[in-house]
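Undergrad: OK, Swiss-Prot features for this one:
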BINDING   L117, G121, H122, L123, E239, S349, P350, F351  (6S)-5,6,7,8-tetrahydrofolate binding site
SITE      H225  site 'Plays an important role in substrate specificity'
MOD_RES   K226  N6-(pyridoxal phosphate)lysine
Amino acid sequence: MDHLKRQDEKVFAAIEAELGRQRSKIELIASENFVSEAVMEAQGSVLTNKYAEGYPGKRYYGGCEHVDVVEDIARDRVKEIFGAEHVNVQPHSGAQANMAVYFTILEQGDTVLGMNLSHGGHLTHGSPVNFSGVQYNFVEYGVDAESHCINYDDVLAKAKEHKPKLIVAGASAYPRVIDFKRFREIADEVGAYLMVDMAHIAGLVAAGLHPNPVPHAHFVTTTTHKTLRGPRGGMILCEEQFAKQIDKSIFPGIQGGPLMHVIAAKAVAFGEALQDDFKTYAQNIINNANRLAEGLQKEGLTLVSGGTDNHLILIDVRNLEITGKVAEHVLDEVGITVNKNTIPFETASPFVTSGVRIGTAAVTSRGFGLEDMDEIASLIAYTLKNHENEAALEEARKRVEALTSKFPMYTDL
């Protein structure tokens, strides 16, 4: 980054500091990952200069012959990965992908059935502070009070009672497999559309390690980062019958020109996801998550639903007599990055919470293995149990440093 260093020392310094943070800390935020250098090169390419309103072959600007190739590559690779009939790779985020689906099939005030945010849903699944909860009449379903797994009988009962036009499946903090076939059966029974937000599990689906929602849903949305290990962005997969409507909802509906440099980076990441070693990577994510969950339970920590089927683990910290906010802060102090998170049947404020959400996608990208999960579980428990003991926290910092030093990353940067 010689040019940046000469041009803008302040921004260069901030980026260098962030690189240092990523290298020196254990990244356990479930929605984060480390992209390849190839993905970063594509995102930092000259494609950032190109305006390309419209779609390949139907642009509102000239000079789009090369970016058309890139967007077609991205779309074709997604179709190959997930078996989708139609793909739109232009959404700038998962939230905008969800918005586009809503704008395609809903009118203001329509009833939608979505997962309660504190039970594992997402802001765009009907939270009253989000456009989705403001524009539409969302009815919430949640998890069982004992198992903390989705109660499909409750979903069916609420669907029959409220007759939603759309049912939203998918989550941002749900550690178990979701039965998309069952959701489609419920949707069909009440005459509703089904949209699946697979943002967190897309990489696992791509590797064939989680049920694929595409055969069951009218619409599937996802981010392109998280377990899919691409750049930050979104996309929509849908049945061919909705293709023109979805494309129109994205452009000119809610977006202008697509970010072609990001779409190029998406294409590269999708190419990586088609390789055999990506399947190995995704399996290692799950193996690491299971090992980490087992280690945390051995240390006496409570896990929502008792474990995990995917990359994500939700820790209930109430038995440690601390809050999620305190847990996030003290873990960050020793070099372990997590996020505080609400848990099912939460009583604390979302700014405080009773839980911590962690995931294994990023550490697996870095090369961490099963024995490293044992050490991370020990570190998390040791830190939380000794959160007011500075000597213990200093010991934890040294252990984190020893662990991260074994896995150098982005050495060419």
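Glycine is no exception: its Cβ is also placed from the backbone N, Cα and C atoms.
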Undergrad: Starting from the Cβ of H225 (site 'Plays an important role in substrate specificity'), draw a 10 Å sphere and report how many other Cβ atoms land inside it.
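TA: Cβ-Cβ neighbours of H225 (site 'Plays an important role in substrate specificity') within 10 Å number 25.
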Undergrad: What whole-number value in Å do you get for the largest C-alpha pair distance within L117, G121, H122, L123, E239, S349, P350, F351, the residues recorded as binding (6S)-5,6,7,8-tetrahydrofolate?
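TA: Taking every pair of listed residues, the largest Cα separation comes to 40 Å.
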Undergrad: Distance check, please: Cα of L117 ((6S)-5,6,7,8-tetrahydrofolate binding site) against Cα of H225 (site 'Plays an important role in substrate specificity'), rounded to an integer number of angstrom.
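TA: Cα-Cα, rounded: 21 Å.
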Undergrad: What whole-number Å value do you get for the CA-CA distance of G121 ((6S)-5,6,7,8-tetrahydrofolate binding site) and H225 (site 'Plays an important role in substrate specificity')?
TA: 18
Undergrad: Any idea what the Cα distance is from K226 (N6-(pyridoxal phosphate)lysine) over to L123 ((6S)-5,6,7,8-tetrahydrofolate binding site), rounded to a whole Å?
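TA: That comes out at 17 Å between the alpha carbons.
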Undergrad: Counting Cβ atoms within 10 Å across all protein chains shown, which of the recorded positions H122, K226 comes out on top?
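TA: Highest number of other Cβ atoms within 10 Å: K226.
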